[in-house]
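Structure incoming, see below.
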Amino acid sequence: MNYLTHQLLNPKEINLLKKNLTLQDISWEDGKKTAGNHAAKVKNNLQLDRSSNISKKCTGLIEKKILSDVLIKSFALPKRIHGTMFTKTLKGMKYGRHIDNAFMSSGRADLSFTIFLNEKDKYSGGELLIEGLNSEDKFKLDSGGIIIYPSTYLHSVLEVFSGERFVVVGWIESYVKSIEEREYLFDLDAGARSLLAKHGRSDELDLIFKSYSNLLRTLGE
């Protein structure tokens, strides 16, 4: 399956987010508000009002981290981020099997991401289940961990049995919309960076970086 798991946020950043997002005057609303017609029938969670000042402040921190992360930039080739929101799934809640919308109001959704904010031992259940062609994979990461996966996959959030699941979700529009082409570019970039770290610059490596840049120029939008 074509996905990336990665530790994105450090403890200081996590604590800052939690401090801002646990203020008493924060307004949480029914998650169905932002779901498509089909997904709304199976969505049962809470989300922070995206128009609130606290949401905009925290969203800015998240999006800045994503767009400046070297590994994420290599994997996702992010052009822009759409629809970032903070969600809570309480005891008895879940988000059933669904597919994300192809387009948000601000553009195409190529990749979906979830950032886990509370430690996984603070709640039971609540795993993110992603369905590939021949397999199903469950994810429940440590606090600050991010998973990025193609928005073309069916997925769900399993029922929370105790505690609460607290995450950030959003969507990435990539410069390269093809899953396969992004994978080729990611492998080429990773291999070139590894060679550079081990052996330093060389004429041969310059040719590899040249090929990568020109492929990205050809495939990108």
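Every residue number used here counts from 1 along the chain in the order it is shown.
Positions of Cβ are set from backbone N, Cα and C atoms, glycine also.
Since this is a predicted model, take the numbers as computed values, not measurements.
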Swiss-Prot has His98, Asp100 down as binding Fe cation; which of His82, His155 does it also list for that site?
His155
Which of the three DSSP-derived classes (helix, strand, coil) applies to Asp100 (Fe cation binding site)?
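Where Asp100 (Fe cation binding site) sits, the three-state DSSP reduction gives coil.
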Among the binding-site residues listed here, His98, His155, Arg165, whose Cβ has the fewest other Cβ atoms inside 10 Å?
His98
Specify all same-chain residues, apart from the site residues His98, Asp100, His155, whose Cβ lies within 8 angstroms of the center of the Cβ atoms of the Fe cation site, ordered by sequence.
Ala39, Arg97, Ile99, Ser112, Ser151, Tyr153, Leu154, Ser156
So how many of the residues in the domain 'Fe2OG dioxygenase' (80-174) end up helix, strand or coil by DSSP?
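Taking each residue of the domain 'Fe2OG dioxygenase' (80-174) in turn, the totals are 3 helix, 60 strand, 32 coil.
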